[in-house]
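Asks: Could you have a look at this structure, given as structure tokens, before my questions?
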């Protein structure tokens, strides 16, 4: 069954053009929303058209692209290090536990980068491709638009070890979540609660859900915060000792739509993973009022989400002469030049 985008495909060109013009009216000291206004004015059209096309056959891709951006930014900043494949110099972040056999959408990013290299050679960084893709993915799924500051450059290395420690776990308590966010500079409760709202669409594997269904914290009992009816439903999808890679919707009501239903689910004991439910079920937590607010006020949620996304997108960006503009998001440019010198062939990478 295909995807019917909440914004029609025919309106995509006009929509992205209007977004680009709006972005041109904004500015930022290091990163600027109008960074590609003259050098690659088609960047939003190219990325947006590819996402629309992918959504027709893969309704998960919007959430997957947003997650890629999140996982990139939490590891040494938004520098596209998550997109690099293994090399002789470093191990890929794709092999890290939070990403292995889980992170997806790399081929879609490749498709975007290939198209952009044809239209605007060596101009748009992979970090900005991923940032723009996450923005448009949210927009096409019913969420807000925001002026994305641009001008990031790409890392020339990956950080496997850091990816294993910096990314929040689905089994984290609220205290652990707060520390993980604060460690990267996102220290406001609204950062944590709003960005967690990215789980309003997409899916998770049973392996990240099963422990709280059968043996929560070694009690041989389910997580007491789970709604009993929801527990029965989840056990049917994720049987004990079953296939851990089976996918379950984060949001049982509107699984492919970016909306405030996620927060209503938390209030009803229907958060899919432990780290989500912790936002509402931790006694006395300062996150509870925010969950209550966002569950009843779309404007408040969207505003907080936009603010948090911009803050996250500004984490330790490489700018100016730092890093590089990768020609291929999977490899650093020096490797491409080496292969050209040795073989005269780049397409095999």
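For all residues, glycine too, the Cβ spot is worked out from N, Cα and C.
Keep in mind that what you see is a predicted model, and the values were worked out from it rather than measured.
Pulled from Swiss-Prot, these are the listed features:
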ACT_SITE  71  active site, proton acceptor
BINDING   72, 75, 77, 79, 81  Ca(2+) 1 binding site
BINDING   168  substrate binding site
BINDING   199  heme b binding site
BINDING   200, 251, 254, 259  Ca(2+) 2 binding site
DISULFID  40-120  disulfide bond
DISULFID  73-78  disulfide bond
DISULFID  126-329  disulfide bond
DISULFID  206-238  disulfide bond
CARBOHYD  86  N-linked glycosylation site
CARBOHYD  217  N-linked glycosylation site
CARBOHYD  243  N-linked glycosylation site
SIGNAL    1-29  signal peptide
SITE      67  site 'Transition state stabilizer'
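Are these features on the surface or tucked inside, and what are their neighbours?
Replies: Counting every protein chain shown, 23 other Cβ atoms lie within 10 Å of the Cβ of residue 71 (active site, proton acceptor).
Under DSSP, residue 77 (Ca(2+) 1 binding site) is assigned to coil, being neither helix nor strand in the three-state scheme. Its own atom aside, the Cβ of residue 77 (Ca(2+) 1 binding site) has 21 Cβ atoms within 10 angstroms in the protein chains shown.
Taking the Cβ of residue 168 (substrate binding site) as centre and 10 Å as the limit, one finds 22 other Cβ atoms among all the protein chains shown.
A C-beta separation below 8 Å, combined with a sequence spacing of at least six in one chain, links residue 199 (heme b binding site) to 250, 251, 262, 272, 273, 276.
Cβ neighbour count for residue 254 (Ca(2+) 2 binding site): 17 (other Cβ atoms within 10 Å of its Cβ, all protein chains included).
The 10 Å shell around the Cβ of residue 40 (disulfide bond) contains 18 further Cβ atoms across the protein chains shown.
Other C-beta atoms found within 10 angstroms of the C-beta of residue 329 (disulfide bond) number 22, with every protein chain shown included.
The Cβ of residue 206 (disulfide bond) lies under 8 Å from the Cβ of 237, 238, 242, 243, 244, 245, 246, 247, 248, each on the same chain and at least six residues away in sequence.
Residue 86 (N-linked glycosylation site) carries neither a helix nor a strand DSSP state and counts as coil. For residue 86 (N-linked glycosylation site), the number of other Cβ atoms no farther than 10 Å from its own Cβ, over all displayed protein chains, is 14.
A helical conformation is recorded for residue 217 (N-linked glycosylation site) in the three-state DSSP classification. All protein chains shown were included, and the count of other CB atoms within 10 Å of the CB of residue 217 (N-linked glycosylation site) stands at 12.
The DSSP secondary structure for residue 243 (N-linked glycosylation site) is coil. Counting Cβ atoms from all protein chains shown, residue 243 (N-linked glycosylation site) has 10 others lying within 10 Å of its own Cβ.
Listed in sequence order, 103, 105, 198, 202 are the same-chain residues six or more apart from residue 67 (site 'Transition state stabilizer') with CB atoms under 8 A from its CB. When secondary structure is read from DSSP and collapsed to three states, residue 67 (site 'Transition state stabilizer') falls in the helix class.
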Asks: Ranking the recorded positions 73, 75, 126, 238 by other Cβ atoms within 10 Å, which is at the bottom?
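Replies: Among the recorded positions 73, 75, 126, 238, the sparsest Cβ neighbourhood within 10 Å belongs to 238.
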Asks: May I ask which of the recorded positions 40, 86, 120, 254 is closest to residue 79 (Ca(2+) 1 binding site) if we compare their C-alpha atoms?
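Replies: Result for residue 79 (Ca(2+) 1 binding site): the nearest of the recorded positions is 86.
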Asks: Out of 168, 200, 217, 254, which of these recorded positions is nearest residue 75 (Ca(2+) 1 binding site) by C-alpha distance?
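Replies: So, spelling it out, the nearest of the recorded positions is 168.
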Asks: Other than 72, 75, 77, 79, 81 themselves, what residues in this chain have Cβ atoms within 8 Å of the centroid of the Ca(2+) 1 site's Cβ atoms?
Replies: 73, 74, 76, 78, 80, 82, 127, 155, 159, 316
Asks: Say you check the Cα of residue 81 (Ca(2+) 1 binding site) against those of the recorded positions 71, 217, 254, 259; which is nearest?
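Replies: Closest candidate to residue 81 (Ca(2+) 1 binding site), judged by Cα separation, is 71.
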Asks: Round to the nearest Å and give the CA-to-CA distance linking residue 71 (active site, proton acceptor) with residue 120 (disulfide bond).
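Replies: Here the two Cα atoms lie 27 Å apart.
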Asks: List only the single closest residue to residue 217 (N-linked glycosylation site), chosen from the disulfide-bonded residues 40, 73, 329 by CA-CA distance.
Replies: 73
